[in-house]
Structure formats: C-alpha cells, structure tokens
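Take a look at the structure set out below.
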C-alpha cells in the first residue's frame, strides 16, 4: 500500500490535466466520470493507507531532492501519518461526494465550462492533498499556494460577472497577505534550524530560543488567519460565496479553510512551546466566533449565513488550538466538514430549486416541496448547534471543556457563541423551510426535489453528520471510548488539558446543550410565523452591515492604497517617467531639425566643409608634432 | 635647384585648385581645378623622388632609391585620364539634361 502513496495526489492532477486540456472534445458524461473517478480511486487508496497507518504507524516516502544546496536540503517527500491520513479521507471522501453533487448542479453549464469547472475542482483536490501529505513545510506551502489559486479560479468561475471577479481578487489578495507571514515563518525556521522536514524540526525545536519560537509560531499563525478566515483577514470568505455552491461546500467550508488548523495541529510541538502564541490564538479564535456569529444572525442570503457560520466555526477550531485541545480542533474540522458540507449542499439544492434565488426572505415552507433536502438540512442544523448525539456536540464540547480548563471566561464566551450558532441556524432553517411560501407563483410552480446525484450526497453527509461524532465520545460518558484521541496520539504529543472532576464536565455539557436548545426554541418560535422581511434598523442594521468592517478596511487600507497608486500613476508615471522618455524623443527631433540645415544641397558648400575639415585635420596633425617636425627639417 | 621651390610651386598650384573648386560654379572649370590639384601633387611626388634619388646615387651608383615616386606619378596620370573621360561624360549628360553646367542646379537630392 505504501508504494501507492504518490498516486493519491497524482490521480486528481491527472484528472485536472485530462479535463482541462481536452475540455473542448470530451462529453459532459466523460468529464463527470473522469472528474469523480480519480477522486474515488484516491479515496479508496487513502482508505487503504488509513488501515495501514492504524496498524503499522506512519509512512514516509521520499522521492527526490526538491532543493539541495549547501547547508539546506529539502526533499520532496510525503508523510502519511494519523493526522494527514485523516485529512486525506476528509478531502477525498467529502470531495468525492461534492464532485458527484456537482455533476448535477453544474449540468446547465456549456460543456467546455463544465470541463473547466471539474478540472479546477480536481486541481484543488490535488493541491489540498499536497498540503496535507507533504513531509515538510515547503511541500505544505506549495499546496497552500495551490489551494489559494484554485479558490481564486473557482470563486471567479462565472468570470463574466465583475462582482464575482472582485470577490475572487479579494480572496486571493487577503490570502497573499497571510501567505507573506507564513513564508517569513518558514524562512525563520530555515535560518535557525536549517531544515523544514517535520521530524527534524520537531526534534530540534528544543534548541530554539523563546523569542524564536514565538516569532515563528506567530508568523505561521498569520498565514493561518488568511487561509482559515480569522480576524483580521476573514472578510474574503463571505465574499467567496460568489463561486458555485459546491465550491463553497468543498473549498470554503470543508477543506481549504481548515488548512490553517491542520498546519497548527501539525506544528503542535512548536505551538505548545509558546504560551504567548497560544493566548493570541485563543483570543483571536473566540473573537472570531462571536463577531461572525453576530453577523450571521442578520444576514438574509442563505449562503452568506453559512459563510459567517463557517468563519465562526473556524473560530472554535482556533479556540481549541489556542487552549491546547489539538485533538478537539482536528475533531471539529472533521465533524464540521461533514455538517457544513451538508448544509452548503442543501443550500445549493434549495437555490437550484428556487431558480438561483438566494434570499431567504423569498423562500419559506420548502419543507413540503423538498422532503429529502429538508430532513438532511435539519440534521445538519442540529449537528452544528451541538445537540447530542449529533456529531457537532462531541467536537464542540471537547473544545469548550478544554476552554473551561484553561479559563472559564473563554468557556462562557464559547457557550454564548454556541447559543448564537443555534439561533442563526434555526432562524435560517425556519425562514427557509417552515411557514408559508413567499416567492413568486412561477417559482412555486417549479419547486421540486433535486435529482439523485444531489440527494444521495446529502443523505451520505447527513449520516456522517449524525454518527461522525461517535468516534470521539468523551471519557466522562464511556471510559476509553475515544478512538479519535487514540488514533491521533502519535502526532499530537503535546496535548495537556487539566483534568476536571466528572461532575464539572457533566455540568458544562448540560449547560451548553440547554443554552443551545433554548436558542433553538426561541428562533423557531420567532421566525416560523413571522420571518424578518424588513431591513433591520439600529443594532440589527449594524450587524446586517457586518459591523461595517468592509467599509473600515476600505477607508483605512484600500482607499489610501488606491490614492497612492493614483498618485504614482498620474504624477510619477505620467509626468516623471513619461516626461523623461518623451523628452528624449523631443530633444532628438528638435536637434536633428537643426542639424538638417547643414545639408543644403549646394555642392559648393559641401566642398567648402570638406576643405575646412581637411584643414582642421591637418592642424591637428601639426599639433601632434609629427608633420611639423618633418617639415621643419626640410625648411 | 633647392626642393623648397618645388614645394612652394606645388603648394601654390594646389591652393589655386582649391580656390577654383570653391569659388566657381561652372562644372568644367571645377573639373580643371581638380586636375590642377592632381598635378600639383604629381609635381611634388616627382620632386621628392628626384631628391631622394640624388642623395642615394651620391653614395651608390646603381641604387634605384626614389624611382617609385616617379612610377606612382604615371599611375596617377593614367587614373586621371580615365577619370577625365568619365567626368567629362557626366558633364555632357548634365548639360543634356539641365541645359547648363552650373553645379548649383545639382541639388535634386536635397530633402
């Protein structure tokens, strides 16, 4: 099995090349089979690798020297261990379901664009696999950049819409800002340790000074804030909803945005060495949870609600990382991949049925038209709200328990975030699926349940969202039942969470579940009969405008930069650079017009010039003394 | 006869030639002035050659130093004769086309 490791990323790459290069000649059916098939095979190989890793421990495959110069050797290697194989399963498994879903969702596109979509999607899976399978930080960075590129390409998939292009550009630039930090962190590592291979870095981590560790981890974390949409670089993710809905499910919910969590969990040895960084991460995480959750409760675009919900859930993961619950964070990545992909795909199903309508104020009562979508969406909502025994409960509870052990204030804020989560999810659910239909008569006429290619992935993900949490049942419920911790133990060696009395843990669980249930009941009671149809005022308007963060960024960063660029363009470029270039041309033209007067066309004047020139030459010779002395000898 | 006389003479001839070329507009006269300059040079060549030859034979009777200048003059004469034929042909053609031998009419390449 370990000889097949390279096939896992190679197959999606092959799919990308075939679909991309032959997009004009392949039929939609062939594109679908190639696009989904390569991911399915990659998933099966990953499954085989999973059992092998479980039985025999990590596999490290080195293929060739990627960079080999004096004092620095970076091999091109893959490291398949518990953490990466888990991500590989999520990426290829959820990825496969989303590919299948896309074959139906994107079916109205023309064939070349259909193939372009699938080739980008395959390229994304390839880059993401490179990211999680790489055996050192550089391979991780290659994948890191690759997923950023694919995210850009897919957000701007409908490139005829200028707004979508701006959204794609925004995502790319915001990610680049984080990437600079990430790259600087890598350089720092190279400078101090001379290696980027995980094993060597972690073995030598003890040699680093406290300043080095804090600096490196903070810089790497800046990269994570960009990729995983944390404060202050989160504003690209809601705009990224411009892409097709399956893209939002795969890239902007399940996989790419969790790259930062993967990276920090992978580097847990470094992060646990710096208390400063851990505190920064925990504070950023909880702040993101609350900020995004408050925004989500006033959004009316079905995808925007889910986007802010994703930002908020990513905040939970970072809260978990910050309080040292690396297992909990990775666990939440997994369960979140299930239920958030489910919710996005469900939203896609709704949007599809509504004829590309995304405003939930124009929906309502879809329960009786779309039974499968409704049930699966409800299960997803319950999972994200943390209701037992759905998957979100176990992972969120693990993070909250660790937060309590670190600092009860974090726990209180986290529970408040969980209540907001339950509230906005059930506001969304009630407004969309309950009550009566508020759209046009035409839309009502066309309402229908989606085809099997859409409902089957929904059902698969719904099952995973329900049972996915059962592999990580906390010890307080059933001792030694947490298969998840056990599996990740070889990678996450530094998890240290203070033991709590069982009674406390039970109490925390009951309180957080009770808060979530109350929030759900309030939301259902409030929005089933009387959904919010008017533009919110006051505080609600402030939240609906996303705390005016975009406007703030525009005023503080974008507009000054544009003004500076305008200054360089209009003043420096136009008057300075262009002035010099045009001035040279004008000077040559002017001087040549003056010199041209010499060429009069009069033979006599030419001869005169010739004679004068000869006289001048003779005078020069005489001054040289040679002819002069010769002549003076004669006379 | 001292060499200076020859030099003064050929210098005078050469300057007359230059002055003629510069001041006259008639193509034939310019042509004659050019010939005058050529012959000034010829005269100088012969004079120097004779001077060298006289010095050399004073030492060695069979020495032929200085004869090459005189041979050079023959070549110049031959080339000048050929050049005269070409030049006069050009002047004839010029007269046929422009009905004048004034060089100031030859400014068609201007601009």
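Keep in mind that glycine also has a Cβ here, set from the backbone N, Cα and C atoms.
TrEMBL labels come from automatic prediction, so no person has curated them.
TrEMBL lists transmembrane segment at one of the ranges A:372-390, A:391-409, namely A:372-390. In TrEMBL, the annotation transmembrane segment applies to A:82-102, one of the ranges A:61-81, A:82-102.
Range annotated as transmembrane segment by TrEMBL, chosen from A:410-430, A:536-556: A:410-430. Using a cut-off of 8 Å between Cβ atoms, the transmembrane segment (A:329-351) and the transmembrane segment (A:451-473) share at least three residue pairs, counting only pairs 6 or more apart in sequence. When each of the listed stretches A:30-51, A:245-265, A:451-473, A:506-524 is scored by C-beta pairs under 8 angstroms to the transmembrane segment (A:410-430), A:506-524 comes out highest. Over the domain 'NADH-Ubiquinone oxidoreductase (complex I) chain 5 N-terminal' (A:67-118), the average per-residue pLDDT in this prediction is 92. Contact count against the transmembrane segment (A:245-265) (Cβ pairs under 8 Å) is highest for A:202-224, out of A:202-224, A:451-473, A:506-524.
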